[in-house]
Amino acid sequence: MTLPAPVRASVAFQPTTNTPTTLLPPPPPPPPPIMSSHVPFLTVRPDDQFSSAVKRTARDVTRSNTSPPQEPMDSPPHLTPAPPRTYAASRLPSAVRFPLLVMLSFSLSTLIHTFTAEWSGLQLATASRKLDDPLQIAGVLGWKVVQLGVGWVAGYDLLANKNEIDEDIAALTLLTNQPFHHLLHSYYALPLAPLTFSLLTDILVTALPFALLAPLTRAHDPLTPRTSNQALATDASILLLTSAMAASIFATTFYLSHHALDLGVFLISHFDNLASMSAHDLSIAQLLPWFAVPGFAACAFLFRPTIAAAGTSVTPPRLSTRKPKRFNPATATLGETFAYNLGYGESGWSRRAEVLAKRTAVLSAGAFVNTAVRVFATVEGTDLGGAMGYAGMWAGACVVVAVGFGMMSHED
């Protein structure tokens with residue numbers, strides 16, 4: 001016989017009698033202690049913490065307490081570009097910075113010459129002319145302000161960081177002041193040490209104010225992308241070769257000036273109290289070491305900015321419906337060949353030719369005027385014609401160097 005399934009009931013049947021007996025239900029067990037869950041704002045029983053329902057509730061509560069992401073989590077976050085590099089000078093008004101630059105340059109020059117007058121000043125005084133005419137003093141100071149203004153307007157600066165070194169204003173100052181010091185050493189036999197110190201002082205009192213106060217140009221902005229041409233302009237081997245070429249041109253020009261143009265006779269005719277003409281007997285190889293530093297400065301001021309400037313011309317091309325003819329060296333005239341090698345074509349100046357032409361004009365004019373002013377105003381026994389003739393030789397040498405750089409950096 002099959003027994004019925006046990007059924008929970010409040011009445012139990014006795015096997016011996018048919019009389020039912022009423023029983024009380026057992027008391028319920030005490031509930032387990034309540035503990036906190038790892039889910040925020042949710043309290044559950046321990047036995048239920050790992051149930052699927054609680055897990056779903058935990059996910060819902062967690063999502064409700066956090067803001068949903070705007071983009072998929074696997075996408076990279078947006079990077080905010082770093083703010084442009086600022087300088088202390090950028091906080092000054094532009095109308096104040098240039099007068100402050102002029103005052104700083106004059107103050108540095110006065111301070112350095114005051115403290116070194118007993119050493120370098122006495123040795124340089126043997127060939128110096130006394131400046132007591134107010135017009136001469138005003139002319140020398142006015143020309144110095146013009147030099148600083150040209151560098152300011154042209155955007156030349158002095159910048160050094162881990163990626164690049166730009167020495168526009170320092171190179172320009174060296175090239176425009178070196179002929180004056182070369183004259184005093186080669187023909188007035190002044191010692192090399194005080195002349196070197198004087199040249200370094202000229203560079204310092206000009207370059208340091210520019211480094212502190214001049215605005216940063218776009219070409220020198222670290223946020224501006226670097227091009228392959230700018231990387232080429234910083235190659236050590238290229239800089240070495242171009243510097244050697246510039247030094248060779250300077251040495252050859254100086255040598256030919258003595259042996260082809262009779263520079264010695266010209267100087268004797270226009271300069272008094274010359275102490276030496278030993279430079280007349282020097283060969284090109286002997287002159288090369290003296291022009292190594294000017295050669296590097298010419299490379300820094302002329303070649304590097306030229307080779308770094310690529311692309312189309314900033315000069316609008318000529319409006320013409322006909323197709324520009326290609327350069328044919330077999331039928332071109334001498335003038336067309338010369339213009340082509342300098343970068344001038346049917347559509348106008350190329351970008352490199354334009355940069356080189358502008359910098360050559362600034363360098364040659366600066367070398368001519370600065371040398372003529374300093375020689376005529378400060379060297380005893382000189383006349384204006386002699387100062388201008390000597391300055392013209394150096395200005396011509398700068399133009400020849402620029403022509404060589406133009407042929408090297410020509411782009412089709």
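Residue 1 is the first one shown; counting continues down the chain.
For all residues, glycine too, the Cβ spot is worked out from N, Cα and C.
Any TrEMBL annotation is an automated prediction that lacks curation.
According to TrEMBL, the protein has these features:
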| type | residues | note |
| --- | --- | --- |
| COMPBIAS | 23-34 | compositional bias 'Pro residues' |
| COMPBIAS | 69-84 | compositional bias 'Pro residues' |
| REGION | 1-85 | region 'Disordered' |
| TRANSMEM | 95-115 | transmembrane segment |
| TRANSMEM | 192-216 | transmembrane segment |
| TRANSMEM | 237-257 | transmembrane segment |
| TRANSMEM | 284-303 | transmembrane segment |
| TRANSMEM | 389-408 | transmembrane segment |
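Outside the transmembrane segment (192-216), and at least 6 residues removed from its termini, the chain residues within Cβ reach (under 8 Å) are 85, 87-90, 92, 94, 97-98, 100-102, 104-106, 108-109, 112-113, 116, 119-120, 123-124, 147-148, 151-152, 155-159, 167, 169-170, 173-174, 177-178, 181, 184-185. The list of residues near the transmembrane segment (95-115) in space but at least 6 beyond its ends in sequence, with Cβ under 8 angstroms from a Cβ of it, reads 89, 121, 141, 144-145, 148-149, 152, 201, 204-206, 208-210, 212-215.
Same-chain residues lying 6 or more positions outside the transmembrane segment (284-303) and placing a CB less than 8 Å from one of its CB atoms are 167-168, 170-172, 174-175, 178, 182, 233, 239, 242-252, 254-255, 356, 359-360, 363, 398, 401-402, 405, 408-409.
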